[in-house]
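Enquirer: Sending over a structure as structure tokens; questions will come in a sec.
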Amino acid sequence: MEKPPFVSTTQTNGEEETFDENDPRLQDIPAYVRRIVSLHDDPELPCLTFRYFLLTIVFVIPGAFLSVMMHFRTTYEPYSVFSFRLLPATLACGSPKSFPLGKSGSLSPGFSFNLNPGPFSVKEHVLVTISAASGPLAMAELHFDSRIHPAAAIFFMWGIVWTGYFFAPLARQFPICDPQFPWFMALCQTALFETQKKQRETPTAESRKQAKVFLWALLGMTLWQFIPEFGSPMLGSLASLCWVAPSNSVADFVGAGFDRMGVLNLSLDWSTISATGSLFLTSYVWILNPAAKYGNLGEWHRHLMSNRLFLENGTSYPITKLLTPNVSFNETAYQEFGPPFVGTHTIFFNYVAYTSAIIWAALFGYKVVRASLQKMMQQTKSGAQISSQYSDQLSILQRAYNEVPLWWFLALFAASLISFGTIIATGNMFIPVWTYFVAIATGAFLVVPLGWLYALSNFLPSIGAANELLCGLMANSVSGSKNPTGASVYCAIAGNARYRAQLNLQDMKIGHYMHMSPKTVFFSQVFGSFLGVTVNYAVVRWALDTKLDYLTGVKKDPAHQWTAQSLALYLTLGVQYVLIGPLRLFEQHIHKVLPYGHGSLVGAFVPILIYGMHRLFPRAKFQLWNSTIFFSPMANFYGNISTGYLSSFLGGSVVMFWAYRYRYDMWARWNYILAAAFDAGFNFNMLLTFLLFGAGEFMTMPYWWGNEATSSERCFALE
């Protein structure tokens, strides 16, 4: 008997078609994508409506606020479109009456618009959340008392975003339309869009249940986070070894989660659980850290859990003493205080991860990138759209929409070029003008290999030290200012702009999954950046004005969250590479193992070794042994909080092993929904905490048993 049709989709003429699941149009789409993404599209659905602009303005403000505020914390859940996705749909979904605005409006004679063109569409919903999606500015003032003019700061932040949008076309050919690149974060976000769409259009018992579970999980996480974040910081670090031996310094070093190793430490704080890095490395670190602390593994082991600079005796390094009044290097002070000390692993593994990403993409991604380049050249010659180069059903549906013209990206780059040129030439950003063009070139070079890695693995490596090294070499090759903030400015252009390009591509992939016009998605991104950057700057000012003592270390936050450790890392790298310089840095005895070639050679050799193993044993799946994913987390400083590893391991084992393998239907139904609810709940809590306890004078929780004054985790023998 002939197998009945399995899948239905929308044809180009708008009619419905059903076909077998073995149809060639489905063969290239992974099964987990087919399970989530709809193959139905209505190009006539409203997108850029009055509701869209109103809701974007309403929701971009808290989103922009949270995204910057998190940079001053130790652990956090990065703000994503999950965080405020539910409210736009709740406020605007249903019948036209659900959004209490008139039918039409008029701006001038002959021009009118519809205030409420029917039920809230899924495409409006997507655009609102995409639109809602500063380190150098804060560092300059926090550590060097150098306040940047607000106009220069805002245009600098706009320039970073727009430069990232200019980088995006370099890689959009293959990760957007090629169905083999899933972009798991985009897929996760699409799952919630589809769930809410089904709830609005064809509510079923299952979709109503999913919506209710999402709401209750979001509410529960929002309320729960008040306890570990504010009321009882002890719940963020349940240090069992400290409870057994609270006065034993070794047990406290091993068991404490704040500033120490966190062995057998459980956390009930979602920010520390979800912000954990590579769990595979934790067991090795739990072996290596005691060896470095109590053995002879490392020469200097006074501050293993810090990314700040210290004197050899372990006291804080007087960084400002190394600057002369004209902001050049003070050789006399350097000879007096000696070289600064800091952990060396971040430098080494940053170099390893940098070269590993390039070599890995060249070896394993060469065929895919080459095929994409060939298709791009064919597209350029024929004038066809990118989606016409692929034959899967998702790309077929996208052919109904025009691509974003290249000149749109070029126009944004021209705007950023003028902004950066003016700001840097007037001396507001601490780097020479010519280094800006080097930063643009290095950032553009990495967009393709890192975009390829991110699209496949949902892993976006941090490779800042390589940019800092290049900046330091350039800064010390000429005379002039040696302000360490210049390194952070350079990395913002070379690194953060590249990061923005990946997020731009990710939003484009969401638009691809939701069958959005690329032009409309692009507009929503630019519109959101116009609104968000001004809020970003306001939050930087608020953090510096209200939490300065916590950020500089004058006062200690009981939850160990307000530490500004990201800014501390920028400062450390800036002092090492720009002020002191690479030559002096690598003359230091603890850094002699690191000079320029060592880490880079390891990073180049390991992918070649794995590639050779893959060719010799193709069935062993060595192609999954991505060395960049292994090395990059080892280069990150995860902060003075090590509390979430065991909790993440236990939770991950249940969700990603047991449930995925033995209860797949349950996993597929609830995994992304609950993940979105927990992330959104955490971000809602951060916003409420600010409004209730921190909008004016910063309030702290009184000391009690769950918030002990000496040690909130009750480890009393910490050195």
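Glycine residues also receive a Cβ, built from the backbone N, Cα and C atoms like all the rest.
Automatic prediction, not curation, is the source of TrEMBL annotations.
What TrEMBL records for 1-23 is region 'Disordered'. Annotation source TrEMBL lists transmembrane segment at 52-72, 148-168, 270-287, 348-369, 406-427, 433-455, 521-544, 564-586, 593-617, 637-660, 672-695.
What's the neighbourhood like for each of these?
Expert: Nonlocal intrachain contacts for the transmembrane segment (406-427), taken as residues 6+ away from its ends with a CB within less than 8 angstroms of a stretch CB, comprise 152, 155-156, 158-160, 162-163, 165-166, 168-169, 433, 436, 493, 522, 526.
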Enquirer: Take the C-beta pairs under 8 A between the transmembrane segment (148-168) and each of 433-455, 521-544, 672-695. Which stretch has the highest count?
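Expert: Answer, by Cβ pair count: 521-544.
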Enquirer: Ranking 52-72, 433-455, 521-544 by Cβ pairs under 8 Å to the transmembrane segment (672-695), which is first?
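Expert: The stretch I would name here is 52-72.
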